[in-house]
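Everything on this sheet refers to the single structure shown next.
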Amino acid sequence: MSAQDTLPDSQRGVAPDAENSHVGTATGSRLRGNLGTASVVFIVVAAASPLGVIGGPVPLGIALGNGTGFPFSYVVATVVLLLFSIGFTQMTRFVPTAGAFYSYVGKGLGRGAGLGAACAALLSYLALEAGVFGLFGPALAELVSSYGGPTLPWWVWAAAGFAVVALLGHRNIQLSGKLLAILLLAEVAIVLVLDAVVVFSGGGPEGFATGIVSPSEILSGAPGTGILFAILSFVGFEATAVFRDEVRDPDRTIPRATYLSLVAIGVFYTVSSWLLISANGESRAVAEATQNPGTILSATTQTYLGAAGGHVVQLLFVTSLFACVLAFHNIASRYLFQLGRRGVLGQRLGLAHPRFEAPSNASAAAAVIVAVLVAAAVLLRLDPISQFYTWLGGIASVGVVLLLTATSVAVLVFFAREEHGGSRFRRRTAPALGLAGLLLFLAAILVNLPTLVGEDGYGPFSIGILVLLGAAFAVGPVLARRLPHVSLDEELGCQGLP
């Protein structure tokens, strides 16, 4: 018997009487899995929805941001997030829990701040999961009807996808990981084929675009808006730490997966957005992205790969959105699981399935919340894209950048308070530079938030988003006072912190 086995249930994270319940024994306290670096990268990159980004934020960044200089925004975003990740992964060894951001914020800034970050993270990921169903439903409806299938409301197809996501969320993460890997490889492959054809065609009617290296183009238009769409394309990369309990050798796997995910996403988006501009001609790309942001990718694919290529892109766009929803469902479920395990939410949420070793109760809870949000959108007759997705996407975009910023501050405070080894660059310089970049990103998002949610200026929706996220963070200190026994770190805790 190990020392861990001799601890009382409350300290091991097991709900009282869990060992005598139908939920199982040790599996009730901890998730199990055998994910490697590649599997975690697949899950995280799938959350970023590569094909969806090339067909969505990229045209919008070109049209509303800095035009042909937009691809450089991905370079900036990648560098800043890599700087952030250096401190984030350096701290990973001192936070041996799968709580992700809120555990880091709690370790550095105290339980109150950590619990507030947990509430904000949960709100952001659930909002994004529900919102993407507002894209998935119409996309699948259009795909089915275009091939002679029945014409049904968007929410019927969203419900079908929801059922599959709920089923997969009930099972072990390795099943979702395998499916996400297949879908991700397919969507990345079609974009890479398009990229290769554009390259071997000499870069399009005007050759290769030069805006990516032209300071005048990079700073033209609204570069802040360009950064906004670039940073939104990375949402989900930070979730590597959420799967800590389900990976092999987490102290090595989590940092590797974080760096590989960032580099893969950054290079893919930079190159593909540059070649999309090149394929349409540098003088025409901005006009095309402005007039036809939703079809520029499929039209470009048809031009270079023929009608068959266009059909493949249409199909893979739907599967890309499904992969995105599934990935965010897995992330949200694990946030609920960890909060249940620590006694912040109902303890049954913190019990793992005895057979699948998955957060089945938490997954079911996440599914119910998302179902309620989608049902509300249907009953209120909201447009699934321009209203439902846009509003919930606004919550997620602001929420995730706030979480990144808070985590960056927590890393700096943690290493300033306690010297734990590692170079000064990893402990202080890189996190400080990352924080400076994130603050600029946050400012850009706040300035452009009304545009993002479809308002001319700050109105009820943009203000409501800020109030909602502010309330989520404010709940943290209240929970910390009401739940003094709650620790955000299984082994080290946050003892001694307010």
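From the backbone N, Cα and C atoms, a Cβ is placed for every residue, glycine too.
Residues or ranges marked as region 'Disordered' by TrEMBL: 1-26.
The feature transmembrane segment is assigned by TrEMBL to 40-60 (among others).
Annotated transmembrane segment per TrEMBL: 72-92 (among others), in sequence order.
Taken from TrEMBL, the feature transmembrane segment applies to 113-140 (among others).
Outside the transmembrane segment (152-168), and at least 6 residues removed from its termini, the chain residues within Cβ reach (under 8 Å) are 133-134, 136-138, 140-141, 144, 175-176, 179, 322, 325-326, 329, 363-364, 367, 370-371, 374, 377-378, 384. The annotation transmembrane segment is assigned in TrEMBL to 152-168 (among others).
Sequence annotations record features per position, and here TrEMBL assigns transmembrane segment to 180-198 (among others).
Taken from TrEMBL, the feature transmembrane segment applies to 218-237 (among others). Beyond the ends of the transmembrane segment (218-237), by six or more residues, the same chain brings 44, 47-48, 53, 57-58, 60-61, 64-67, 69-70, 72-74, 76-77, 81, 128, 211-212, 258, 261-262, 265-266, 269, 327-328, 331, 393, 396-397, 400-401, 440-441, 443-445, 447-448, 451-452 to within a C-beta distance below 8 angstroms of the stretch.
Residues or ranges marked as transmembrane segment in TrEMBL: 257-277 (among others).
Residues or ranges marked as transmembrane segment by TrEMBL: 315-337 (among others).
What TrEMBL lists as transmembrane segment is 358-382 (among others).
Marked as transmembrane segment by TrEMBL: 388-416 (among others).
Here the transmembrane segment (428-449) has Cβ contacts under 8 Å with residues 76-77, 79-88, 222, 224-225, 227-228, 231, 394, 397-398, 401-402, 404-405, 408-409, 411-412, 415-416, 458, 462, 465-466 of the same chain, all six or more residues outside its ends. Positions annotated as transmembrane segment by TrEMBL: 428-449 (among others).
Taken from TrEMBL, the feature transmembrane segment covers 461-480 (among others). Within the chain, the transmembrane segment (461-480) has long-range Cβ neighbours (under 8 A, six or more residues past its boundaries) at 110-120, 123-124, 344, 391, 394-395, 398-399, 402, 449-450, 452-455, 486, 498.
Across 72-92, 180-198, 358-382, 388-416, the stretch most heavily in contact with the transmembrane segment (113-140), judged by Cβ pairs under 8 Å, is 388-416.
Under the criterion of 3 or more C-beta pairs below 8 Å, with sequence separation of 6 or more, the transmembrane segment (315-337) and the transmembrane segment (257-277) do not qualify as touching, having fewer than 3 such pairs.
Just going by CB pairs under 8 A, the stretch in 257-277, 358-382, 388-416 that sits most against the transmembrane segment (180-198) is 257-277.
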